[in-house]
Every structure is written in C-alpha cells, then in structure tokens.
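Here's what Swiss-Prot has on this protein:
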- 1-54: domain 'ClpX-type ZB' (DOMAIN)
- CYS13, CYS16, CYS35, CYS38: Zn(2+) binding site (BINDING)
- PRO122, THR123, GLY124, SER125, GLY126, LYS127, THR128, LEU129: ATP binding site (BINDING)
Amino acid sequence: MSEKTNDEKLLYCSFCGKSQREVRKLIAGPSVFICDECIDLCNDIIREEIQVDETAKLAKTSLPTPHEIRETLDQYVIGQESAKKILSVAVYNHYKRLKNLSKVNNGDDVELSKSNILLIGPTGSGKTLLAQTLARLLDVPFVIADATTLTEAGYVGEDVENIIQKLLQKCNHDVEKAQRGIVYIDEIDKISRKSDNPSITRDVSGEGVQQALLKLIEGTTALVPPQGGRKHPNQEFIQIDTTNILFICGGAFDGIDKIIRGRSEKSGIGFGADVINQNDRKELNKILKDIEPEDLIKYGLIPEFVGRLPVVATLSELNEAALIQILVEPKNALIKQYNKLFSMEGGVELEFREQALVAIARKALSRKTGARGLRSILEETLLDIMYDLPSIENVSKVVIESGSNHDELQPIVIYAEKPKLARSSK
C-alpha cells in the first residue's frame with residue numbers, strides 16, 4: 001500500500017482514476033493500483049453474482065413430485081395415508097413457489113402466499129417423523145422447537161426468535177439456506193389460551209406466544225445474534241427473512257373431538273352421542289377429519305394464528321397392527337437397527353418371535369405412547385442380554401419370545417456348535 005506523503009509521487013487508482021488523497025487506502029500491485037472504494041464495488045458485484053448463481057442452482061435442482069415425496073414418506077412412516085398425501089402436495093407447492101420466486105418478482109401481478117401446515121394427532125403417531133423425513137428428502141435445514149418452552153420477548157423463557165437462531169446454526173450460518181428451511185413446532189396445542197374470550201391479564205406463555213409466533217410464521221425480519229446467546233443493545237445482528245421458511249406445527253389437541261362433536265350435533269351432521277363409542281378409535285379418527293378452523297379457535301388458538309396455518313392434516317392413533325409394522329417394515333425400523341447392533345457383536349443374529357412383537361405393541365398401547373414408546377420398551381427388553389453378550393463366547397443367535405402370560409418378554413441365547421476336531425490317522 002502506498003503512503004500519503006508529500007515527498008513521493010502522487011499515485012492514482014488504475015480503475016476509477018482517483019488519487020491517493022481522495023481515497024482512504026490505495027493498494028499496489030505489479031504496475032497497478034486499486035483503491036478501497038473499487039474493492040468494495042468489486043465485492044458487491046461478486047456477492048450479487050453468487051446470489052444469482054444460488055437462485056439458478058435452485059431452479060435447476062429437480063424438485064420431487066408429490067408422488068415421489070409420498071413414496072419417500074412411505075419408506076419411513078407407516079399408515080397415515082391421508083396426512084402423507086396432504087403433506088406431499090403442500091410441501092411440493094411451497095418449494096415450487098420458491099423455485100419460481102424470481103419470475104413472480106419480475107412483474108407478475110399474482111403473488112403466491114405461503115401455506116404453513118398444522119398436524120393434529122396423538123403422541124407417537126408420526127408427526128415429528130413426517131417433518132424430519134421431508135427435510136431430509138429436500139436437503140434443507142430443519143429444526144424442532146417445543147412450544148411449551150417459549151415465552152414472549154422480555155420474559156423468562158425461550159424467545160421465539162431463538163428458533164431461527166437454531167435454524168441458522170444448523171446450516172453453519174448460511175443465511176440463504178436458513179431462509180429456505182423447515183421449522184417444526186411441537187406441542188402447539190399447549191399454548192392455547194384458557195378461554196374463548198381474550199384475557200385482560202398478560203398470558204406470556206399462551207396467547208402471548210401465539211402473537212409472537214404469528215409474526216415469525218407470516219414473515220418478518222428476525223434479528224439473530226451472530227454467536228448465539230442473548231441479545232445486547234450494542235451488538236450487530238444477522239437479519240433473517242422468515243417469509244419463505246416453511247413452518248409445520250404439531251399437537252395432540254386432546255379433547256378437541258368433543259368440540260367437533262358439539263358443533264356437528266348442532267349442525268345436524270350426524271355425530272350423535274348415542275352412535276359414538278368413546279373407545280372406538282376409528283370413530284375418533286373420523287371425527288378429527290371433520291375439523292374446522294372454528295374448532296381450533298374454540299380450543300384456544302387465536303383466529304389470526306389459525307389463519308396462518310391453512311393446511312391441516314390429521315393423524316390417526318396407531319393400532320396394534322400398525323405398531324408391529326413400525327417395528328419391522330420401515331427403512332430404519334427399530335428391529336433392523338437392533339439387528340445391526342447385535343451383528344456388530346461377532347455376527348450375532350437377533351430374532352423376534354411374532355408373539356413377542358405383539359406383546360411389545362400392546363405394551364406401547366397400554367402406556368399410550370404410540371410409536372415413540374417402542375424404543376424404550378425394546379431397551380428394557382434387551383438390557384440384560386446387551387449387558388451380558390460382550391462377555392459370552394460362542395453365541396450365534398438371540399431369540400426374543402413372549403412368556404407364559406404373553407406380556408413378559410424373555411431372551412433365549414443360542415450357542416454355536418463347536419467344530420469337531422478331525423481324528424488323526426495312525
């Protein structure tokens with residue numbers, strides 16, 4: 001770099017022609033000089049070209065069709081056919097809209113708005129797994145947030161903008177990637193307000209959180225601290241536009257069937273109390289499919305929040321047969337995972353008898369944990385054998401079968417035959 005002194009010859013930028021006195025810095029190369037202003041201009045041009053390249057790359061990337069999305073979901077999620085179809089179409093339309101965003105912004109008068117998704121279903125029915133599988137298929141950053149830990153900004157608890165901070169961390173602070181990610185907010189039903197009427201007192205973990213999430217979901221510029229942590233007045237922030245982030249909210253909404261039934265009886269749709277058996281899962285699933293926005297509002301979600309979740313998919317409670325399928329059929333089924341784990345122990349084979357699978361499914365049903373509870377039941381069942389196996393030699397197979405009362409599960413260890421020694425000829 002040349003110094004600004006009176007003793008030396010005056011130097012000029014080779015690009016803009018300004019003298020060293022007119023700029024802050026002048027950097028020298030072999031018979032050439034460039035000023036700080038031209039460097040800034042070059043950096044701006046490069047940044048713009050990189051953004052154009054990223055947009056073009058996204059446009060060229062083949063977006064899986066709804067059929068292809070559904071096929072991938074089928075590999076990991078058992079049942080829930082209606083929910084998978086709804087999700088496949090909604091996610092396809094969302095990312096198709098993002099791919100054609102530049103066309104929309106170039107003079108087209110039709111603006112496509114975002115359709116966020118609400119998943120309603122009992123614990124362990126596959127809500128989180130569906131969202132995770134979609135993010136993995138589309139290769140976009142994905143983060144899960146628990147609505148019960150969120151509070152309004154300024155109160156003790158987790159700020160809603162922390163969700164975007166986690167999303168940014170997932171993609172190594174790549175802002176462009178984060179702005180096309182997926183956010184799954186679980187337990188959304190737990191932030192419903194306690195009554196139909198707006199409360200006079202401040203509800204910082206219920207309606208207040210809905211109001212805060214509303215801005216995030218409909219599209220705002222979130223200010224995220226670059227290194228995480230709490231915000232400070234004098235620090236710089238990374239700006240994240242949430243307009244194109246897909247938000248998927250999930251919740252069990254326990255008791256909403258009574259609200260739907262009450263509305264249906266008034267309107268004469270035919271869900272009479274005499275006809276419905278409370279314990280009949282099929283009837284309950286049928287009722288949930290008739291959910292309307294007014295039912296969600298009566299449950300405790302504010303109308304504006306319901307309006308920002310136009311795509312609603314209901315998931316059925318899993319029955320015994322579905323839980324057995326979940327154990328053995330998906331691409332990463334739990335039984336396949338434990339088989340692989342046992343095979344690492346000197347090639348030991350793990351086998352579950354049919355009655356053992358039935359017993360595991362029934363345990364999960366009795367605990368009301370759905371598919372989520374299957375792993376803990378398997379861990380309990382296999383704990384002793386996994387503890388002893390590394391210390392036992394010559395094991396070829398472990399068989400899990402049900403006990404005499406069909407609820408107990410017991411492992412049977414099968415040893416390999418020792419090879420017979422050949423007789424030496426005299």
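Here, residue 1 is simply the first one shown, and the rest follow in order.
Heads up, the Cβ atoms here are built off N, Cα and C, so glycines get one too.
With every protein chain in view, the residue among the binding-site residues SER125, THR128 whose Cβ has the most Cβ partners within 10 Å turns out to be SER125. Within the set of binding-site residues CYS13, CYS16, CYS35, CYS38, the entry lying nearest in space to GLY124 (ATP binding site) is CYS38 (CA atoms).
Apart from PRO122, THR123, GLY124, SER125, GLY126, LYS127, THR128, LEU129, the ATP site neighbourhood in this chain, defined by C-beta within 8 angstroms of the site C-beta centre, holds GLY121, GLY250, LEU315, GLY370, ALA371, ARG372. Among the binding-site residues listed (CYS13, CYS16, CYS35, CYS38), CYS38 has its Cα nearest to the Cα of SER125 (ATP binding site). Taking the centre of the Cβ atoms of CYS13, CYS16, CYS35, CYS38 as the Zn(2+) site, the nearby residues of that chain (Cβ within 8 Å, site residues left out) are SER14, PHE15, GLY17, LYS18, VAL23, LEU26, PHE33, ILE34, ASP36, GLU37, ILE39. According to DSSP, THR128 (ATP binding site) is assigned to a helical segment. Proximity of CYS16 (Zn(2+) binding site) to non-local residues of its own chain (separation of 6 or more, Cβ distance below 8 Å) is seen for CYS35, GLU37, CYS38, given in sequence order. Of all the binding-site residues in the record (PRO122, THR123, GLY126, LEU129), the one with the smallest CA separation from CYS13 (Zn(2+) binding site) is LEU129. Set side by side, the binding-site residues CYS13, CYS35, CYS38, LEU129 differ in how many other CB atoms lie within 10 angstroms of their CB, and the most is found at CYS35.
Secondary structure from DSSP puts CYS35 (Zn(2+) binding site) in a beta strand.
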